[in-house]
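What TrEMBL records for 1-283 is domain 'G-protein coupled receptors family 1 profile'. For 22-43, 64-87, 107-131, 228-252, 264-286, the entry in TrEMBL reads transmembrane segment. According to TrEMBL, the feature region 'Disordered' maps to 157-187. Taken from TrEMBL, the feature compositional bias 'Basic and acidic residues' applies to 167-187.
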Amino acid sequence: MPTTVVALALGRWPLSSQACQVFGFFNMFTLVQSVLSLCNISINRYVIVCKPFRFPSIYTTKRSIMMIIVCTSISIIISTPPLFGWAEYGYVDTQFYCFCLWPKSPSYAFFMIGVCFGIPLAVMAICNVLIFKAVQASKKRTARSSRSSMAISKNISIQESSSDTEVPTKTEKEKKDKPKIENKKERKHVDMVDVQVEMSDSNTETNDVKKRLSKLPSNKVKAEDVRLALALAICVVCFFISWFPFCISMLIGIYAPNSVSNDFHLATLLIGYSNSCMNPVIYGIINKRIGKGFKDLFCRCRCCKEEKL
C-alpha cells in the first residue's frame with residue numbers, strides 16, 4: 001500500500017523493474033495468504049462449534065503450526081508461476097501498483113479467480129451455513145432439555161416434600177411377624193429407626209437422580225463461540241464485497257480494457273485494500289476478549305520497553 005500511494009502521487013513506478021517484480025510477488029503472496037487464512041479460520045470455527053469434542057484432538061499445537069506452514073507453502077507455490085513464464089509481474093498503470101499483468105495470461109487469471117476467490121469462498125460459505133444450522137439445533141435442544149429439567153426438578157421437590165411429611169406405615173403382615181415389645185419406649189425407638197432408614201433411602205434416591213442429571217452431556221453451544229462464528233461470517237461477507245469488484249476489474253482488463261475509466265480500476269483496488277482493516281475492527285467489536293488480548297499485548301510491549309530504558 002505505501003508503494004501504491006507513492007506511485008499514485010508521482011504518476012509512475014518510482015523503483016526498478018526488478019523491484020516491481022518483487023513487490024508484485026509479495027502482493028500476490030499476501031493476498032493468497034490472507035484468503036487461505038480466512039478459509040482456515042472458517043474451518044476452525046466449524047470444528048469448535050459443530051464438533052466441540054473433537055476440537056482438542058484436531059487442533060493441537062503441532063497440528064496448528066503445520067496448518068499455518070501448509071497455508072504459507074500453498075500461497076508461495078500459487079504466487080510463483082509468473083516468475084517462471086506463466087503470466088508476468090509488472091507495473092499496472094491503471095491501478096498504480098505492481099501485480100500480475102492479467103491480459104498477458106488469461107488462463108492464470110481464471111486459475112487465480114478460482115483458487116483465490118471461488119474455492120475459498122465456497123468453503124467459507126459452507127462452514128458458516130453448517131455453523132448456523134448447529135446453533136439453531138443447539139437452541140432447540142437447550143429449550144427441550146430446559147423443559148425436561150424443570151419437570152424432573154418439580155417431581156424431585158414433590159418427592160422430597162412427601163418424604164418429609166408422610167410416615168411410612170407397616171403392613172398387617174409385618175405387624176404380625178414383628179416380635180412383641182413389652183417396653184413402649186423400646187417400641188417407639190424401633191419405629192423411629194425404621195422411619196429414619198426409609199427416609200434416608202428416599203433421600204439417597206433423590207440425590208442419585210440429581211447426580212445423574214448433572215452428569216448429562218451438555219449440547220449447548222458456547223455463546224463466545226457463537227459470537228466468534230458471527231464475526232467470521234461478517235468477515236466473509238466483507239471479504240466478498242471488497243474483492244468481488246476487483247475480480248470484475250480483472251476480467252474487464254482482459255476482455256475490454258478500454259470500456260471503463262482508470263478510476264474504476266483504481267477504486268476496485270482501494271476497496272480491496274480496505275478489507276485489510278475490516279477484520280480487526282469486526283472481531284474487536286463483537287468479541288471483547290480479542291480487544292483485551294491486544295490491550296494486554298501492547299501493555300506488555302510497553303512494559304518491556306520501560307524496563308530496557
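Just so it is clear, glycine is given a Cβ too, placed from its N, Cα and C backbone atoms.
Curation does not apply to TrEMBL; its annotations are automatic.
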Cβ pairs under 8 Å between the transmembrane segment (228-252) and the transmembrane segment (22-43), at least three: yes
PLDDT averaged over the residues of the domain 'G-protein coupled receptors family 1 profile' (1-283): 76
Contacting positions for the transmembrane segment (22-43) when only residues 6+ beyond its ends and CB under 8 Å are counted: 3, 15, 67-68, 71-72, 74-76, 78-80, 82-83, 89-90, 97-100, 115-117, 120, 123-124, 127-128, 232, 235-236, 239, 276, 279
